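Below is one structure, written out as structure tokens, with a few remarks after it.
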Amino acid sequence: MLRVCEKLREADEKGKRYGLARAETDYLRALVDAMADTDRLAEVELLKTLGDVNVQKGRLGKNVGRFNTALALYLAAMVRCYHEEQADGIEHRYHYTERLLQGVSSQGKEMPTEDKETTTPAKVAEKFQDLDKRRATGGNTDSLLVGYAQVMVEAIVNDDNMLETEAIKSLGDVYLKRGTETGDTRNLTRATALYNRALARCHYVHGTIVIVHRLLHTAKIRQDITTTRNKRAKRTQKQDVRGRKDPFSPFSAAPSSDGTTSQVDDISYRRYMQTADRDLRNGDLEAAEIKLAAALKLVHDRSKSITTKEADCLCRLGDVYVERGKRTGEGRKFTQAAALYNASMARSKRDKQNLLSKLQETERQFLINTCNLDCEPCPYSSTLDHIKELDNIRARAKYQLETIHQEHNPYQYDEDDPVVRQVEIKRAEAIKNLFKSITVGRREFTQLLTDKCIAKLGPPPCKYAFIGLGSQATELVTPYSDLEFAILIEEGKDGDDTRRYFLNLTHCLHLKVINLGETILPAMAIPSLNDFLSEDPEKDWFYDSVTPRGFAFDGFMPWASKTPFGRDKTKSKPQVSLIQTPAKLAKYQNIRIALAEGYHLSDILRRVTYLTGDESLVDEYTSIVNKSVDRSPVLSRLSAMLILEDNIREIKNVEPTGQLLDVKKEIYRFPSVAVDVLSICCGITIPSVWGMIEELHKTQRISHEDAHHLTVLISISAELRLRTYIANVGQKDRLSPLTEMKIELDKHGVDDTFVESVFHIPNCKMLFRYYYTAFPLKRCIMDTVEKDNQTTKIFPTAIFDNSAQTRGQITQQLLQLDASLLHFEAALKEADDDKEKQFNILFALGSVSHSRGDYEIAISYYKRALSTGNTIYAGNEMRSVFSSLLGNIGTCWSGLGDQRKAISYYEESLKIDKTIYGETTPHPDIASSLNNIGNCWSRLGDQRKSISYHELSLKMFEAIYGETTPHPDIASSLNNIGNCWNELGDQRKAISYYEQSLKMEKAIYGETTPHPGIASSL
């Protein structure tokens, strides 16, 4: 307190000398300094002092308004106060002012208060108009700070959150401008502190996005200033070195450890490359590959854009595989070489012509050594024609998608508008037709490539047919999806020569597909880069983030391998070939073989579609599969259960979050799996997912209403996946449900090639409509499969839920907290006497109020939930939920400043969790309680005690999720430890933890997504 008194002494003396008006101005200026320096003690004291000024003015002028202003300022000071003695003083003043107010006559003058209409953005902008003009024209900085501070205090008095947030942000803008112009990073630190304060106070989404953008921009300016200083320092250092005669002067700077490591790596890299070249010339291919892989490991950094050395390694590794192919005659060696050359070309354009020549030579050597054909390879112009045709398929899909959105957009209407249903039907039908046309386009493209291969290899020795698998069969395929297929050959003609021909045909087709340039290297299973059969995880180390991922063969990984090559032999399973006669391929439907293999291969081969060749073989195969005696209702239900078991994580996590979504796993997969499972249970063998829904409706297993909801659900999931791939130009599945923050990366010196692509949903209503059916479908899918009823309707109630509770869940997870609060309040009214529903809604209302910073309201809801829960749940039934409630109450008390009360709740929660899960068992709930207790001790000033709790929490989270797995809990723990070391004055240690946290937050939410977690690390 002595420190704070010293800070205010000058303002107090000026107040005595020049009067209250001057004192108020100086106190406002000091308040801004306290907020910018994150000095909470001084900030509270200044709010109290401003209250005192208003009390004095009120007494002098008998002004009721001044007394009310004082009361509001005292109240704001109490809310922000963590110091017990300080709080007692403020409370005393509050009660004293109340007594003064009562004594003032009702005729006393009342200071006009701000109209509540100022909470609209237009009114707020008008309020700042004059100040913003002065700031833009370079007005006096101190007077600007006082002006914005006056508006902020006015907003605090009138409880105007939008105005208060904008005022604090504007104060940050003044410091940002000053720091940018002077290069003084202390001003940038103050700007950051004020932006963080504005972010904490902000209750509306648009404001949050703008503030996070400011934080990112401030961080970038700080980085630019630091970089410029470092460059100057280096120039000065170089000049000093040139001027010295004695190179061993004791004053010369020692080289950094990073520089030394880089030099050592560079020397090792050159040595590996030179010896690899010598080994290759000497014919020692194994030694050459080992050294090239070692060199590649030295320069392989997925976070850096300098890939020239990586390109050189991959090119020479391609040379090794061409030589291997020439020695062994194995077609796979040539396809691996082609993939390496293409990967090299994706990383460096400087040697493109040489690489194109190598690709031509690779095909020539394949034809000579594998196919025994002495002929010329196809010209590169042929490959360019194929790339152009694939681009045309994608361009048509993009155009059709935009046309559909313009002509049939149900999201432009209110949800309860009667027209929505009809527009929804038209859009779903249009999306269905779009995917059917994409399926046909891919089939024709595959036919084109296959025909060119046959023209080169000669006519097939027997009847054959290529059958499409996976999304090609279900008619949900995109122009960027992998090619999954098998080959059927005529019965009685499956001798060695026939198999060799079709294996070579597949290799030839694979070469053409690889040369489209969209095959990532891990899909080729090159042992020195990605050895999927090894138990040593270090053998699977190469990550290909540079090569575009699009139209390519399904990979050689044991869990993939849905191509004619099949699966290589593993420790637990035999080799599998997908070049078979219809009868032999149908054997995978046999219950014994299906169970031995696992459901996956059996089910993927159950739904097929014609690609090219003799269609009668496809008919023969599907007839055998459909008539299979082993394909009994028991096996069907077992198969369905196994599918659900394999996808159970996606089904459980179908709710949205603010994190990046994997559009394939978290949006697309669940609906398609659900429809597939329902079709299996009902004995429907149609491969197309659209056909499955129609057949379920036709056989009266689902109602007309449910058929509509399933079709809409599938169409939205398929559309979002297609939109994500089009926006990301490839199989990059990252989708953000949050609003996009536009950043011009090139202006900030960031190479956008190495910022992972993220697609932002253009209209959140699409996601809402998805979850309106996904939620109820998730709730009933397991029960539906377990029931052994082949005649009645599958769903007892409609699979559509747009109740207030559901809307509250969705808006809460998408961080639309104001809307979520309204929805849950409406849901509570609708709950009537349903205690279980009341309990869930009260819990949710507490969580939303908690997220908004309304801690007292949140505590009230949490306690009501506890009370309601105790009346309906007996014994240990809901212990973990009650533990969560207690932990949340603790967090609220912490937010209100009562850390010891918070610790008592956390410890109560921790005690329950340990009785449930065990004292030493790593569990997220236990780790969270430890983390929360650590935060409290930090706020109480015991940083070392705090670190001990945070480290226990971090260790437990890493044991649960994995040390290097990006997870919000791990990122939060790292950030908290950084905060503690920062408070202890060890800035280097703090920065280390902050950087780890920031890297993880960006991996979770996306490089350019505005999110409070990213902002806090900055």
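Every residue number used here counts from 1 along the chain in the order it is shown.
The backbone N, Cα and C atoms fix where each Cβ goes, and this holds for glycine too.
Here is what TrEMBL records for this protein:
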- 237-247: compositional bias 'Basic and acidic residues' (COMPBIAS)
- 248-257: compositional bias 'Low complexity' (COMPBIAS)
- 430-512: domain 'Protein-PII uridylyltransferase N-terminal' (DOMAIN)
- 226-265: region 'Disordered' (REGION)
- 839-872: repeat 'TPR' (REPEAT)
- 883-916: repeat 'TPR' (REPEAT)
- 971-1004: repeat 'TPR' (REPEAT)
DSSP-derived helix, strand and coil totals, residue by residue, for the repeat 'TPR' (971-1004):
31 helix, 0 strand, 3 coil
Counts of helix, strand and coil residues, the repeat 'TPR' (883-916), according to DSSP:
31 helix, 0 strand, 3 coil
What is the three-state DSSP composition of the domain 'Protein-PII uridylyltransferase N-terminal' (430-512), stated as helix, strand and coil residue counts?
49 helix, 11 strand, 23 coil
Work out, from DSSP, the number of helix, strand and coil residues along the repeat 'TPR' (839-872).
32 helix, 0 strand, 2 coil
